[in-house]
Amino acid sequence: MAETKAAPAPAASKQRSKNDVSGKAASPVALRSNINTILYLLGSLGLGLAILGYRYYPSSTSKSALSIDRTASLPDYNPKLTKFGAFEPPATFHPPLFADADRRDAILEATKHSWEAYSKYAWGSDEFHPISKTGSNLTKAGGVGYQIVDALDTLLVMGMEGEYHRAAEWVRRELEWEKDAEFSTFETTIRLLGGLLSAHHLTSIHSNPSIAADSAMYLDKAVDLADRLLAAFDTPSGIPYSSVNLAQRKGIPDAGNQGMMSTAEASSVQLEMKYLSHLMGDYVYWRAAEKVMKIIQSQAALDGIVPIFISPQNGQFVASEIRLGSRGDSYYEYLLKQWLQTNRQETVYKDMYESAMRGIKTHLVGRTSRSGFIFTQELVPARHPETNDNTWQISPKQDHLVCFLGGSLILGVTEGQTAESGGRTFEKAEREDMALGGAIIDTCLETYNTPTGLGPEIAMFRLYTEPQADEEDWYIKPSNGGVLIDGRNILRPETVESLFLAYRATGDDKYRDAGWKIFEAFQEHCRIPSGGYVGIEDVRDVPPRLLDGMETFWIGETLKYLYLLFDDSTNIPLDKYIFNTEAHILPIFQPTHLTNFATS
């Protein structure tokens with residue numbers, strides 16, 4: 001689904017991932033630095049303006065002045081939810097799905113083409129730049145294995161044992177956490193901690209003894225890292241700081257966003273921390289992660305949906321956008337997955353998830369004016385121009401990150417069931433979720449209907465209520481003469497993630513066909529002959545201008561989901577495993593402690 005996901009200094013972020021985009025000739029590093037700086041400043045300015053816009057709200061303290069105002073009712077925009085179409089849950093679940101060996105092997109070849117280039121030109125570096133054939137690290141303190149650790153479970157799933165052994169040896173000999181620099185709490189958790197835990201599990205059950213022997217090493221590295229990450233949770237409220245100094249074991253607030261924490265980042269570390277506690281029998285990690293969820297639940301979310309910023313100082317939401325894109329997405333993803341991870345025992349997460357889905361359907365679902373495409377819009381806090389009352393404005397903007405939602409909704413209905421676990425009767429809300437999931441996937445695929453066959457970073461939609469019926473349903477917002485961001489494609493995984501989940505649930509070959517079409521577009525426009533794949537500046541341009549960066553989620557997520565889409569469905573069955581928001585594979589387990597916020 002993922003976050004967040006090259007990366008704003010000082011730490012990378014899946015949700016804020018912005019690559020170099022410029023019409024002028026410059027070095028790849030300079031280009032990446034420029035765009036990161038611009039986006040960092042824009043994000044800071046946006047939050048600052050939001051807070052300033054609310055500073056005159058009635059409040060008794062300065063802290064509460066930053067809190068979201070609940071007297072402002074959310075707009076209802078529910079465009080006939082029953083009219084999504086005939087996308088229904090299967091009455092009985094299909095038998096195991098067979099592999100499409102030719103297509104699966106093509107994905108494997110692309111992974112080898114990517115990995116071999118990284119190994120040759122950037123081995124040990126956090127990031128890889130295929131055009132310049134260079135590597136770079138997130139900080140001057142040295143690499144922390146972003147690319148290698150993010151790819152470990154992909155190498156294992158694809159049976160790339162030779163490549164895996166070299167990566168494992170690097171982790172054993174080179175990976176350590178005494179780095180005196182700032183790292184994103186969220187990114188470090190989902191990529192590194194998640195990657196190590198996934199590698200630990202997959203090696204522990206591996207048939208090759210030389211691979212199985214690595215399992216303990218990964219767990220040791222994970223414990224050391226998690227102990228350092230806990231420093232970020234040492235805040236007045238328990239909401240973590242956005243960054244952490246791993247060597248100093250010190251949490252660091254986000255100076256660029258008024259010290260606030262992204263809601264998605266705070267609430268998307270739980271799968272990793274809980275699984276580690278389960279493995280170790282030490283629930284300090286579980287308590288820290290679950291306290292965040294307890295705080296969010298106590299906020300009485302606005303019909304289950306929440307603003308994208310929360311304060312580590314007082315645990316209150318900040319007046320900010322409500323959306324399913326950047327800084328919001330994986331909050332909703334992890335509600336469902338926490339319910340599934342603990343074998344459906346923590347019912348509080350099922351309740352929170354179902355409430356959030358009702359809120360999404362009531363307030364965030366939009367329909368386009370021409371073809372009736374279903375998308376999710378954003379709500380922006382504002383003042384009414386006439387009454388000066390608190391209100392919300394609708395923005396018909398959808399990030400590519402939102403494309404996780406289609407598959408997530410379908411997973412929420414089927415809960416990963418297979419033929420062996422049998423069919424069941426579906427409630428009305430579940431059928432509605434299944435239909436909405438299919439509609440969101442269709443819309444995301446529509447945004448891939450571009451000259452390159454690839455979808456943009458951000459799409460703007462024309463609402464059902466707008467009169468321009470002769471105009472296209474969606475468009476890419478112009479750059480205002482500056483840096484073009486919305487039209488990029490940086491090899492993101494969210495659409496193919498949803499295709500994988502939808503195919504596993506339905507067995508409908510249209511999802512495999514759509515995934516193959518996307519892969520062919522990557523092959524045509526993003527493949528570098530000397531090795532690796534890169535993003536493109538504008539999906540409307542053929543040939544496109546290339547961006548010199550191969551995000552770690554290309555191997556860690558996009559190629560993994562594509563491979564599993566075409567592989568036998570018995571490989572990583574969804575009733576036995578969940579994927580974290582960086583596509584790291586974690587087993588479902590039976591919890592023995594601290595469920596439903598009981599003692600957290």
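Using N, Cα and C of the backbone, Cβ positions are placed for all residues, glycine too.
The model shown is predicted, which means the values in this text are computed figures rather than measured ones.
TrEMBL lists GLU187, GLU457 with the feature active site, proton donor. Residues annotated as active site in TrEMBL: ASP329, GLU494. Summarising the annotation, TrEMBL assigns Ca(2+) binding site to THR581. Residues or ranges marked as compositional bias 'Low complexity' in TrEMBL: 1-12. Residues or ranges marked as disulfide bond by TrEMBL: CYS403-CYS444. Residues annotated as region 'Disordered' in TrEMBL: 1-25.
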TODO: Compute the C-alpha separation of CYS403 (disulfide bond) from ASP329 (active site), stating it in Å without decimals.
DONE: 10
Open item on the list: By the count of other Cβ atoms within 10 Å, pick out the sparsest of the disulfide-bonded residues CYS403, CYS444.
Closed with: CYS444
TODO: Please report the number of other Cβ atoms within 10 Å of the Cβ of GLU457 (active site, proton donor).
DONE: 24
TODO: Indicate whether the residue listed as 'Ca(2+) binding site' is helix, strand or coil by DSSP.
DONE: coil
- [ ] Specify the secondary structure state of ASP329 (active site) as given by DSSP, simplified to three classes.
- [x] helix
Open item on the list: If I take the alpha carbons of GLU494 (active site) and GLU457 (active site, proton donor), what is the distance between them in whole Å?
Closed with: 11
Task: For ASP329 (active site), the one of GLU187, CYS444, THR581 that lies nearest, given that the recorded positions are compared by Cα - done: THR581
Task: Rounded to the nearest Å - Cα separation of the residue listed as 'Ca(2+) binding site' and GLU187 (active site, proton donor) - done: 10
Task: Residue, out of the active-site residues GLU187, ASP329, GLU494, whose Cβ gathers the largest set of other Cβ atoms within 10 Å - done: ASP329
TODO: Count the Cβ atoms, other than its own, that fall within 10 Å of the Cβ of THR581 (Ca(2+) binding site), considering every protein chain shown.
DONE: 33
